[in-house]
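Below: one structure, written as structure tokens.
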Amino acid sequence: MCVDIPWQPDTCEWRDWAGERLLLAHGVCSCDEGKVIGLAGRRDGFVGVFDSGVGGISVLRSLVEELPHEDFRFFGDSANAPYGEKTEGQVLELSCGIVKRFVDEGAKAIVIACNTATSVAAPTLRAAYPDVPIVGIEPALKPAARALPHGRILVMATEVTLRLEKYHELVRAWGGECEVVPVPCPGLAARIEHGDLDAPDVLEMLGRYVGAHAGHVDGVVLGCTHYPFVRRQIAEVLGPDVRFFDGGAGTARQLGARLADTGLLADRDRSGRVEFASSLDTPEELALYERFFSLSC
């Protein structure tokens with residue numbers, strides 16, 4: 001059972017990529033197990049996507065590329081970012097509140113665009129909303145190990161993600177003969193939230209985390225959705241021959257398959273809409289989201 005939480009702030013604004021603004025009132029969220037309100041069974045509903053901040057926008061880009069006719073609403077909980085530095089109870093509480101609001105607003109499917117929230121909250125959310133496809137993301141160790149079956153692979157992720165049993169199950173299932181090296185990166189997601197990713201302090205931080213592995217690594221799994229935005233900077237530290245893997249494309253394919261299996265794929269000729277909202281709810285934060293949506297990564 002999900003718990004009751006208030007959204008912060010009391011109102012926030014959806015802003016679509018074309019610039020149109022939709023004002024939505026946010027009240028207190030509760031989660032009634034098994035109940036799906038509104039448009040969850042309709043093909044013209046939207047897909048709700050959330051993360052603790054800008055990181056999930058890297059996944060959103062993959063979703064839009066894979067499913068260009070779907071409408072997406074992205075909610076960044078930047079007021080509580082990053083989830084990877086919160087307790088599991090806090091992550092569960094925040095995730096349940098966001099998903100409850102999405103479902104109440106008519107979401108036909110949910111994408112948890114956060115490795116930490118997927119590990120912590122996905123089972124609870126799927127039990128609470130069995131009729132809503134809920135797709136998460138996990139570190140892309142499986143494709144990395146297949147591509148580099150005897151390689152040395154770094155898994156850069158939050159401390160929470162690397163601590164949870166779900167990650168260790170992933171390593172046992174797919175690590176094979178690879179040397180899998182977990183690299184916790186405290187503070188990196190929070191730093192990415194501030195933008196200005198070419199600043200010297202970003203390279204300095206990355207050097208502290210992975211610099212010792214330069215010349216001794218074959219692949220890097222970007223196990224936090226924030227990290228694709230500093231892929232180029234990581235390559236500067238580790239060298240140009242390192243291969244990168246993230247879960248965005250796989251999540252997009254999984255969502256497409258789930259929508260097709262449930263008869264929920266959008267049936268229209270127009271391109272889908274992309275709308276943004278943030279728990280910080282400032283013009284500056286929404287502008288930051290749009291800039292990240294435009295970045296190459």
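A Cβ is built for glycine as well, from the same backbone N, Cα and C atoms used for every other residue.
So that you can see what the record holds, here are the features copied from TrEMBL:
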- Cys114: active site, proton donor/acceptor (ACT_SITE)
- Cys224: active site, proton donor/acceptor (ACT_SITE)
- Asp51, Ser52, Tyr83, Gly84, Asn115, Thr116, Thr225, His226: substrate binding site (BINDING)
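Features per TrEMBL, on structure.
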{"residue": "Asp51", "record": "substrate binding site", "CB count, 10 Å": "32"}
{"residue": "Ser52", "record": "substrate binding site", "CB count, 10 Å": "33"}
{"residue": "Tyr83", "record": "substrate binding site", "CB count, 10 Å": "28"}
{"residue": "Gly84", "record": "substrate binding site", "CB count, 10 Å": "29"}
{"residue": "Cys114", "record": "active site, proton donor/acceptor", "CB count, 10 Å": "33"}
{"residue": "Asn115", "record": "substrate binding site", "CB count, 10 Å": "34"}
{"residue": "Thr116", "record": "substrate binding site", "CB count, 10 Å": "32"}
{"residue": "Cys224", "record": "active site, proton donor/acceptor", "CB count, 10 Å": "29"}
{"residue": "Thr225", "record": "substrate binding site", "CB count, 10 Å": "31"}
{"residue": "His226", "record": "substrate binding site", "CB count, 10 Å": "29"}
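Cβ proximity to the substrate site centre (mean Cβ of Asp51, Ser52, Tyr83, Gly84, Asn115, Thr116, Thr225, His226, cutoff 8 Å) flags the following additional same-chain residues: Gly53, Gly55, Gly56, Ala81, Pro82, Ala113, Cys114, Ala117, Thr158, Thr161, Ala189, Cys224.
Look at Asp51 (substrate binding site): DSSP puts it in a strand.
When the alpha carbons of Cys114 (active site, proton donor/acceptor) and Cys224 (active site, proton donor/acceptor) are compared, the span between them is 7 angstrom.
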